[in-house]
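What follows is one structure encoded as C-alpha cells, with my remarks underneath.
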Amino acid sequence: YTFIVKSQIYYHAANNQASGGGPQTYMEQENDWDRDLLLDPAWEKQQRKTFTAWCNSHLRKAGTQIENIEEDFRDGLKLMLLLEVISGERLPKPERGKMRVHKINNVNKALDFIASKGVKLVSIGAEEIVDGNAKMTLGMIWTIILRFAIQDISVEETSAKEGLLLWCQRKTAPYKNVNVQNFHISWKDGLAFNALIHRHRPDLIDYDSLRKDDPVTNLNNAFEVAEKHLDIPKMLDAEDIVNTARPDEKAIMTYVSSFYHAFSGAQKAETAANRICKVLAVNQENEQMMEDYEKLASDLLEWIRRTIPWLQNRTQEKTVNDMQAKQEDFRDYRCVHKPPKVQEKCQLEISFNTLQTKLRLSNRPAFMPSEGRMVSNINGAWHTLEGAEKGYEEWILSEIRRLERLEHLAEKFHQKAAIHEAWTDGKEAMLTQKEPDTTTLSEIKALLRKHEAFESDLAAHQDRVEQIAAIAQELNELDYYDSANVNARCQKICDQWNVLGALTQSRKESLKNKEKQLESIDELYLEYAKRAAPFNNWMESAMEDLQDMFIVHNIEEIQGLIAAHEQFKATLTEANEERKAIQAIQANVPKIAQSNNITLTGSNPYTTITSENIDEKWAKVFELVPRRDTALQDELNKQNSNDELRAKFASQANKVGAYIKAKMEEIGRISIEMNGTLEDQLTNLKDYQDSIVSYTPEINTLEGYHQLIQEALVFDNKYTPYTMEHLRVSWEQLLTTIARTINEVENQILTRDAKGISQEQLYEYRTSFNHFDKDHSGALMAEEFKACLISLGYDGDAEFGRIMSIVDPNGTGAVTFQAFIDFMSRETTDTDTADQVIASFKILAGDKNFITAEELRRELPPDQAEYCIARMAPYTGPDAVAGALDYMSFSTALYGESDL
C-alpha cells in the first residue's frame, strides 16, 4: 500500500439519553492502522481470516458465505445481506445490475445504514469498496463488528473495549498462568481462551492438563472445542497467533466477542439470579423487621393497656399508712418498671425509622403497621399513660394530705368530745334535782347563785360545742371513713346540749320563784364563784390548747405557732395575779366567818370550784407549758430538717437541670455541626451517649433525695423551679434524643452503603443543608430548600415543584435532612424496580410468562427458592402448564404496585 488512509471511527450511542448525557464517543480515535502508516502483513492476514470467519458465521444463516473479503463485498449485495442478518432489519431493495454504478449504489445503501446506527465513517467511501481496496474493506468490516458485536458489551458502565476486557479479566481471574491485560500478547499462549471456556463449560476442557509452554496445542484445543460445542467458527489458526510477535488486536477482540456472546445467556441468567436473590434477601429481612416491630408494639401497648387502669384507680384508703404504701408501689413503678418500657418505646421508634429507610432504599412501599400499632398510636397511648401517671401521683399526694388532715381532725374531735362529755357528766341530774320544802332562803339563794355560775359555765362551753360540730362537719366534707360514728357522737352531744339548755332555763325559773324568799347572800362566796368559774374555764381551755394536736408544713407555720405560744406564756404572770386574787377571796371567807362568829357548815354554795381545784389546774397548766415548748421545738427541728432536705434536693435538682439543659443544647449543635466520616460521627455520638449514661448516678441520687422529701411529707420547695417529674421527663427526652441522633447517622450509613453515595457527597449534602438551616432547627423551609437545591446545581424554579412533592408529600412546608438525603440518593443512584425484577425472572424462565418450581430450585439458593415458591400464585395464563407460577404479580407485589 502506497497511500495513507487516516480513519477515525466514532460511535454515537443510540441510547445516550438514558445514560444522562449528550452524544458519547464510543471508541475515541480508534486507529485502524499502525503508526508507520502501513498495515502489518501478519496483522492483515489475521484480520482477513478473522473478519471472514465472523462474516460467514452470520451469512450462513442466510444460506451463503464469502471466500475473499475484499472481492465478495464489491457489488454490495452480500454486504447488505450481512447487515440485514446481524441487525434483524430490512435494508432498501438492492440493485441487481452488473454495472459499476449499481455496485456503488448498493454499497452506499449499506454505508448509509451503518451511518444511521450512529457510526460516523471518515474516508471510507463506496468507490474504495467497489474497487476492492483491502484496507478500506477491512476498516469497514471492523466498524460493523464494533457496532453490532461489541457495542452492547459494558461492564460497570465502562466503554465497549474496556467492558469486554474487564469481563475477560473477571472470568479468568481464578486461573493460574492467566493474566489478561490486553487483546494481543495476553492471548498468545492460548490459556486465556481455554480458561473462558472452562469457566462456563468445565465439562468441555481439562484445564489442569494444559501447559503454558505449549501454546499451539492450547490454542487449537480452545478453537476446536469452541467450533464443535459452542458454534463459534474457527477465525484464526494457532500458528497465526504464535508466529506473530504481537497478534492483531482487532482480530483477537472479534474472536473474544464471539465467546462473550456465546456465554451471554449464562451471564444474563447469573445476573438475573443475583438480582432476584438480592431483592428476596432484602424482602426477607424487611419482613422479619416488620414482625419484630409488630411484636414489640403489641407487647408495649399491652403493658400500657394493663398499667393505665392501675394508674386511674382512685380507691380511697382509710389511713395515711395505707396511702403511703400505694405511694411506695408507685415509686417502684417509676424507678423499676417504667424505665425499661421507655427504652422499648425508643427502640421501637428507631426500628420503625430504620425499617422505613431500608424500604425506601430498596424501592419498597412504606411499612404500614397493623391497625392500632402505628408509632402515632403508641405515642398517643404513651401520652395517655403519662397523663394517668401524673394524675395518679397528684392524687396520692392529695389523699395523703387529706387523710393526714382527717386523722388530725378526728383525734381533735374525740379529744374535745371527751372533755365536753366529762364536763356534762351528772349535769342533767343536777339540773333536775328537787329542793326540800325545808330549804332555807340562804340555801335557795345559794342555789340560785350556783345556777347562775353554771349558766356562765354553760355559756363558756358553747364555743367548744360549736367547735365539735364544726370539726364533725369538716370530717364529713373530707369523706372521713368513720363519719357515721363521729356524726352519732356529735348528734348525741348536740342533743344533750339542747337538753341541758332547756333544763337550765327550767331550773332557773324554779329558783327565781323562790328568790324573793332568799335575801342573805354571801357576797364573798359569790364573787369567788364568779371569778373562779371563768378563770377555771380559761385554765381548762389553756390545758386543752396546750394539748391540742397541730400539723405544719413549713418553718413559717411552726414559727407562727411558737410565737403564739410565747404570747400565751407572756399572759401567765397576769393570770397568776388573777389566781392569787381569787385565792385571796376564798381565804377571806373563814376570816369573815370567824370575825362574825359564823360557823361554816360546808363548802362554797355557789360553786364547786375549790381553791384546791384551781391550784391543781394551775399546776397542770405549768406542767403542760414546757411539754408544749418541747413539742413545738421538736416540730421546729423537724421543719428545719425538712428545709435541709429541700436544700439538698434543690442543689442536686438545679445541677441536674442545668446539666440536662446544657446537654440538650449541645446535642442540638452536634446533630447540625457533625464533622468527619459517618463512622467517626457514629463513634463520637456513641461515646457521647456513654458519657451521658454515666451521669445516671446523679439522677439516682436526686431520686433518693426526692424519696426522702416525700417520706417527710414535704410538698413544696422554694429553692428550685424543678420538680422530680419535670427532670425525669427531661432526662428521658435527652436519652431519646441522642438515641435518635445515633439512629439518624446509622440510617445515613445505610443509605450511603445501599446507594453507593460517597463520603464526599454526603459531606457536600450536609454542608449545603446546614448552610441554609439558619435557625439550626434540623429542617429547611420551602425557600431555604430551594436555595439549597440551586447551590447543588438544580434549576430552582423548573424543578422545585416536582422535588417538593417528593421530599414533602404531606405539604408541611419543611424538609428534613433524611428526606433530603433520600431524594439525593434516588437522583444519583440506580435502584431495583419491579420491571427489572420481572425481567430477571423472565431470563431464568427462558423468556416464558411463567416459571416453574423446578427452575427456581435450579437457579436460586434453596432458602430463597422456597421463599418464592411459597409466595407465588399459580399462573393461569393461556400458555400455562402444570406447576406454573406467576412471577409477574409476585415481583410487582414486592414494590407495592399490586396485591399478590
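Every residue, even glycine, has its Cβ placed from backbone N, Cα and C.
It is 444-478, from the ranges 269-303, 444-478, 549-583, that TrEMBL records as coiled coil. On the 0 to 100 pLDDT scale, the domain 'EF-hand' (760-795) averages 76 in this prediction. Through the fold, the coiled coil (444-478) approaches residues 402, 405-406, 409-410, 412-413, 416-417, 419-420, 423, 427, 430-431, 435, 486-487, 490, 493-494, 497, 500-501, 504, 507-508, 511-512, 514-515, 517-522, 525-526, 529-530, 533-534, 537, 605-607 of its own chain, all at least 6 residues removed from its boundaries and within a Cβ separation under 8 Å. Mapped onto DSSP classes, the domain 'Calponin-homology (CH)' (158-264) shows 65 helix, 0 strand, 42 coil. Sorting the domain 'Calponin-homology (CH)' (45-149) by DSSP state (H, G, I as helix; E, B as strand; all else coil) yields 67 helix, 2 strand, 36 coil. With DSSP classes pooled into helix, strand and coil, the tally for the domain 'EF-hand' (760-795) is 23 helix, 3 strand, 10 coil.
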